[in-house]
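This report refers to the structure that appears directly beneath it.
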Amino acid sequence: MDVTRLLLATLLVFLCFFTACSHPPPGEKLRDDRSLRSNSSVNLLDFPSVSIVALNKNSKQISRKEAEKKRSSKKEASMKKVARPRTPLSAPCVATRDSCKPPAPACCDPCASCQCRFFRSACSCRVLSLNC
């Protein structure tokens, strides 16, 4: 029992000492805040003021029209894509969705590539991108 009480008393003294040392007195905290304020190089008066401007209906309509023009021009640009000329088919090639294991020749479709699954046991020519 005496050993248990001695350990508890030691623990209590240690906790009291730890809490007393970990919290600074209130006077030091105020001095630190003042020194931080005086040492700070950024001053709020250095920044320009911000003004808030209300939009009228006319400005909103113009921005909507401009946005619609941009959208339509982007759509037209995507529609006007020129089809790339296809390379001539070489005689030894693999058709799309057929097996193309590594000793086999390349895929016939220029937009297709050989994809292998299950540790290269099942390979087939597949078209990856629709925009090609």
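Note that Cβ sites are derived from N, Cα and C of the backbone, with glycine treated the same way.
Residues or ranges marked as disulfide bond by Swiss-Prot on the basis of sequence analysis: CYS93-CYS108 (among others).
Taken from Swiss-Prot, the feature disulfide bond covers CYS100-CYS114 (among others). DSSP assigns CYS100 (disulfide bond) to coil, not to a helix or a strand. Around CYS100 (disulfide bond), the same-chain residues at least 6 positions away in sequence with a Cβ under 8 Å from its Cβ are VAL94, ALA106, CYS107, CYS114, CYS123, SER124, CYS125.
The disulfide bond annotation in Swiss-Prot covers CYS107-CYS125 (among others). All chains included, 21 other C-beta atoms sit within 10 angstroms of the C-beta of CYS125 (disulfide bond).
The disulfide bond annotation in Swiss-Prot covers CYS111-CYS132 (among others). According to its DSSP assignment, CYS111 (disulfide bond) is coil.
Taken from Swiss-Prot, the feature disulfide bond covers CYS116-CYS123 (among others). Around CYS116 (disulfide bond), the same-chain residues at least 6 positions away in sequence with a Cβ under 8 Å from its Cβ are LYS101, ALA122, CYS123.
Taken from Swiss-Prot, the feature domain 'Agouti' applies to 93-132.
As annotated by Swiss-Prot, N-linked glycosylation site applies to ASN39, with the evidence given as sequence analysis.
Marked as signal peptide by Swiss-Prot: 1-22. Cβ atoms under 8 Å from those of the signal peptide (1-22) belong to no residue of the same chain, restricted to positions at least 6 beyond its ends.
In sequence order, VAL127, LEU128, SER129, CYS132 are the residues of the chain that are 6 or more apart from CYS111 (disulfide bond) and have a CB within less than 8 Å of its CB. For the disulfide-bonded residues CYS107, CYS114, CYS132, the ranking by surrounding Cβ atoms (within 10 Å, all protein chains) places CYS107 first.
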